Amino acid sequence: MLDQRLVRDNPDLIANELGRRGMTLDLTGLQLIAQQQRNLEEQRSSLQAEGNRIGKEVGQRIQQGSDPKASDVAELRHQGNLIKQKVAVLEDEEKQLSARLREQLLSLPNLPSPDCPEGRDENDNQERHCWGKPREGKDLLEHWSIAERLNLFETERSVRIAQSRFVTLMGQGARLERALINFMLDLHTSKGYREVMPPVLVNTASLTGSGQLPKFAEESFRCAEDDLWLTPTAEVPVTSLHRDEIIPADQLPLRYAAYSPCFRREAGSYGRDTRGLIRLHQFNKVELYWFVHPDHSQAAHAQITADAEAVLQALELPYRVIELCTGDLGFSSSRTYDLEVWLPGAGAFREISSCSICGDFQARRSAIRTKDQKGTRLIHTLNGSGLAVGRTMAALLETGQQSDGSVLLPKALVPYFGKDRLEPE
């Protein structure tokens, strides 16, 4: 969430910065609400000061010997009571305005970083670097064809169980998924991340705090009778691990590696990636999440991206790093690097991780602060997939496919899977 004082006092700045995202905004209404709230706050503070003055005067007169029931003292007390009533009315009006203001602020995305490249959409994103040599060939299969040959997952039966865009991993497929999760978690925890396995059901406050609500309500699965939603990413519950907390600066950074199933309705993606593991309603992911001091967030962004890259490098999967332009940024992000893994069968790069710096955007929504010698201020947060497990499996199948129908696995994964290849059963 944006700083309401900044919106109130510098609406042109906010409009210009969000214009870099391709948004056209009229902040007049929001600015008016913010100014009304400020005026009420000033009136309330003035009345409270007057009430305090009257209270002190009553106390002084009684100490000086005045009768507590004397008319002058009674009149002062009456004035004090009237002020309390006026303050109560103003506080109620303030609460109503605050709710309206917060509702509007929650709908505004984060401001893009000054370092973020300008652009309208994904066509203006910029490649930063590549790693590995992409495998190419005319006869290479896409991952779902390989999976069918090896009987790695069930699609048709999953539709019977649930609906489309679900899969049931079977045999070697389930085993490989489990191996990948354990490998990713072990790699990250060996670098100092603390492992987290959070709830997969989260409340509205958690989704609001991370930035998924209110904008992405249609993308999420919601329980009918409870204030609970299926989490779209572990970023949501991990953000709220420290909601309404003050974290001492000497405890930062806090670095978490969280595995969770993720659930997304994928509204608006009809007809896209209907086969295989790329776009599912339910998938597994290992999420990296940092709480950092505001002075260190830029360096942390480089590191969290490198940590996500380390998984791809260990698995010998060629990839490229793309920096998103201002028009393609996610709602909560101020700057993002996407990691795109090469899929030889598809002959294309596909996103497998987004590593984003959110500044104080999520912290303001979630009231997460830090305290040092300079005082108390909002913390900065960062997140990155480390990695999306299903897409990693897809890349492994396409990269390791052999002419005999088997799939050769990278050496780093062999201790977790138990052998060096997938073979027809």
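Note that Cβ sites are derived from N, Cα and C of the backbone, with glycine treated the same way.
Per Swiss-Prot, the feature region 'Disordered' maps to 43-68 (among others). DSSP assignment over the region 'Disordered' (43-68) gives 21 helix, 0 strand, 5 coil.
For 108-131 (among others), the entry in Swiss-Prot reads region 'Disordered'. Sequence-distant contacts of the region 'Disordered' (108-131) (same chain, six or more residues past either end, CB-CB distance under 8 Å): 1-2, 7, 14, 17-18, 20-23, 25, 211, 215, 309, 312-313, 318-329, 331-335, 337-338, 357-359, 361.
What Swiss-Prot records for 117-131 is compositional bias 'Basic and acidic residues'.
Positions annotated as L-serine binding site by Swiss-Prot, on the basis of sequence analysis: Thr233, Ala234, Glu235, Glu287, Ser385. A sphere of 10 angstroms centred on the C-beta of Glu235 (L-serine binding site) encloses 30 other C-beta atoms.
Summarising the environment of Arg264 (ATP binding site), the number of other Cβ atoms within 10 Å of its Cβ, over all protein chains shown, is 20. Taken residue by residue with DSSP, Arg264 (ATP binding site) is part of neither helix nor strand, so it is coil. Here Swiss-Prot flags Arg264, Arg265, Glu266, Glu351, Ile352, Ser353, Ser354 as ATP binding site, drawing on sequence analysis.
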*Hey, of Arg264, Glu266, Ser353, which of those binding-site residues are within 10 Å of Glu287 (L-serine binding site), Cα to Cα?*
Ser353
*Taking the binding-site residues one at a time (Glu266, Glu287, Glu351), which has its Cβ surrounded by the most other Cβ atoms within 10 Å?*
Glu287
*asked:* Can you give me the Cα-Cα distance between Arg265 (ATP binding site) and Thr233 (L-serine binding site) in Å, rounded to a whole number?
replied: 12
*DSSP says what for the region 'Disordered' (108-131): how many helix, strand, coil residues?*
3 helix, 6 strand, 15 coil
*Could you tell me which of these binding-site residues, Thr233, Ser353, Ser354, has the greatest number of Cβ atoms within 10 Å of its own Cβ?*
Ser353
*Entries of Arg264, Glu351, Ile352, Ser353 which, being binding-site residues, have CA atoms within 10 angstroms of Thr233 (L-serine binding site)*: Arg264
*10 Å Cβ neighbour count around Arg265 (ATP binding site)?*
17
